[in-house]
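Enquirer: Heads up, here are the entries from Swiss-Prot:
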REGION    1-54  region 'Disordered'
LIPID     2  N-myristoyl glycine
LIPID     4  S-palmitoyl cysteine
COMPBIAS  14-38  compositional bias 'Low complexity'
COMPBIAS  39-52  compositional bias 'Polar residues'
MOD_RES   75  phosphothreonine
DOMAIN    86-369  domain 'Protein kinase'
BINDING   92, 93, 94, 95, 96, 97, 98, 99, 100, 124  ATP binding site
MOD_RES   169  phosphotyrosine
ACT_SITE  219  active site, proton acceptor
MOD_RES   253  phosphoserine
MOD_RES   253  O-UMP-serine
MOD_RES   254  phosphothreonine
MOD_RES   254  O-UMP-threonine
MOD_RES   259  phosphothreonine
MOD_RES   267  phosphotyrosine
REGION    374-426  region 'Disordered'
COMPBIAS  417-426  compositional bias 'Polar residues'
């Protein structure tokens with residue numbers, strides 16, 4: 001696909017282990033993982049409780065990455081057969097990177113099977129001229145070919161035949177969080193489901209951040225959070241992932257790349273990347289879950305507003321919090337839990353990166369919120385008044401500052417892309 005890297009090219013990623021401390025149990029898991037067959041028929045991972053593990057190779061050649069024993073190398077014809085020649089009626093979504101199709105493979109051999117039989121998968125086909133180039137494609141294969149966790153999307157295999165670049169993932173029937181929050185006609189998510197999704201996403205980020213060789217996700221957003229049939233959240237699209245700082249380094253200096261509205265301000269301004277950059281992005285998504293609004297909103301007469309700038313004045317005020325709560329919740333949420341979630345978002349969005357909590361700390365709070373939000377749990381409902389979307393935006397017209405050093409923006413991508421793509425900062 002265009003100017004591809006040759007087989008000896010290196011991928012810029014440092015050591016990273018697929019094992020982290022569990023924020024809920026406090027126990028470590030080891031790098032001794034084994035793949036087993038889950039309910040869907042696809043390979044999942046079981047973990048040993050051995051606390052000893054070592055780092056993965058710092059740099060790997062393309063040949064080493066593509067020879068991962070955890071991934072199947074598909075031929076282009078196999079994926080053509082699996083998707084019925086990429087027929088439009090199998091199209092799941094489309095974005096700047098290309099298209100995603102539903103496909104079927106045999107559970108045992110992983111070869112193409114008849115539509116409706118075998119295992120359903122999502123096949124992402126990159127456009128040669130798309131925004132997600134070979135380097136990002138290879139980075140995703142590199143990370144997901146080694147990392148395995150219940151809250152990371154499972155990469156089944158890939159195709160690198162000629163200029164064709166495809167990725168084969170487990171199928172996520174509920175699609176992206178972005179669709180559920182913002183797509184017209186979507187069934188509103190209950191408060192309990194929103195907290196469940198937040199917990200799952202937080203577990204995925206905690207796993208990446210607390211691995212022995214840290215991984216910074218760098219593109220955390222609603223479009224990259226995919227949901228299975230039970231609304232369990234899994235992180236997808238690792239094309240922008242970056243190895244965390246090593247040794248005495250406190251940050252990684254890198255080209256500014258991410259998504260407009262989600263990227264941490266200090267990263268946009270300086271290119272200094274830390275795990276706290278991901279924490280900021282998580283705060284934005286948590287704010288989207290609370291408010292039902294996009295990170296960047298241009299619905300008010302075409303003027304673009306930052307959700308963070310607009311909502312921040314209300315997050316720490318119990319009496320005014322109802323003004324930013326998603327009206328689609330119909331007032332059905334615990335007042336105390338909503339205020340705790342709002343305060344947590346405020347902490348994640350602290351302009352001073354050092355004062356933001358760790359993802360493991362965020363996870364502890366979210367798990368407490370999830371436990372009291374489960375159906376059947378008694379809590380105080382907070383009735384929010386009915387008001388029109390645009391009138392709320394006018395209550396606090398903090399306009400997004402366009403003098404920030406933002407770079408070129410392109411659409412983001414995920415195995416099951418959203419109907420409307422979030423702009424990516426480059």
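Each residue, glycine too, has its Cβ placed from N, Cα and C.
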Enquirer: I need the nearest neighbour of residue 219 (active site, proton acceptor) among the recorded positions 75, 100, 254, 259, 267, using C-alpha distances.
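Expert: Closest by Cα: 259.
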Enquirer: If we check Cα distances from the residue listed as 'phosphoserine', which of the binding-site residues 92, 94, 98, 100 wins as closest?
Expert: 98
Enquirer: Through the lens of DSSP with three states only, how would you label residue 253 (phosphoserine)?
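Expert: The residue in question, residue 253 (phosphoserine), is strand (DSSP, three-state).
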Enquirer: Please report the three-state DSSP label of residue 259 (phosphothreonine).
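Expert: Residue 259 (phosphothreonine) sits in a strand per DSSP.
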Enquirer: Based on DSSP, name the secondary structure state of the residue listed as 'active site, proton acceptor': helix, strand or coil.
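Expert: In three-state terms, the residue listed as 'active site, proton acceptor' counts as coil.
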Enquirer: For residue 267 (phosphotyrosine), which residues of its chain lie six or more apart in sequence with Cβ-Cβ distance below 8 Å?
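Expert: Counting only residues 6 or more apart in sequence, the Cβ neighbours of residue 267 (phosphotyrosine) under 8 Å are 256, 258, 273, 277, 280.
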Enquirer: Within 10 Å of each Cβ, count the other Cβ atoms and name the one among the modified residues 75, 253 with the highest count.
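Expert: Per the Cβ count within 10 Å, the most buried is 75.
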Enquirer: Hey, which of the modified residues 254, 259 is the loneliest by Cβ count within 10 Å?
Expert: 254
Enquirer: Of the modified residues listed here (75, 169, 254, 259), which is spatially closest to residue 92 (ATP binding site) when Cα positions are compared?
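Expert: Comparing Cα positions, the closest of these modified residues turns out to be 169.
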Enquirer: Counting only other Cβ atoms and using a 10 Å cut-off, which of the binding-site residues 92, 100 scores lowest?
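Expert: Result for the binding-site residues 92, 100: minimum number of other Cβ atoms within 10 Å at 92.
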Enquirer: Based on Cα coordinates, which of the following modified residues are within 10 Å of residue 98 (ATP binding site): 75, 169, 254, 259?
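Expert: Matched modified residues: none.
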Enquirer: To what whole number does the mean pLDDT across the domain 'Protein kinase' (86-369) round?
Expert: 93
Enquirer: Name the secondary structure element type, per DSSP in three states, that contains residue 92 (ATP binding site).
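Expert: Note: residue 92 (ATP binding site) is in a strand by DSSP.
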Enquirer: Other than its own, how many Cβ atoms are within 10 Å of the Cβ belonging to residue 98 (ATP binding site)?
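Expert: 23, counting other Cβ atoms within 10 Å of residue 98 (ATP binding site).
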Enquirer: Tell me the Cβ neighbour count for residue 219 (active site, proton acceptor), meaning other Cβ atoms within 10 Å of its Cβ, over all protein chains shown.
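Expert: For residue 219 (active site, proton acceptor), the 10 Å Cβ neighbour count is 29.
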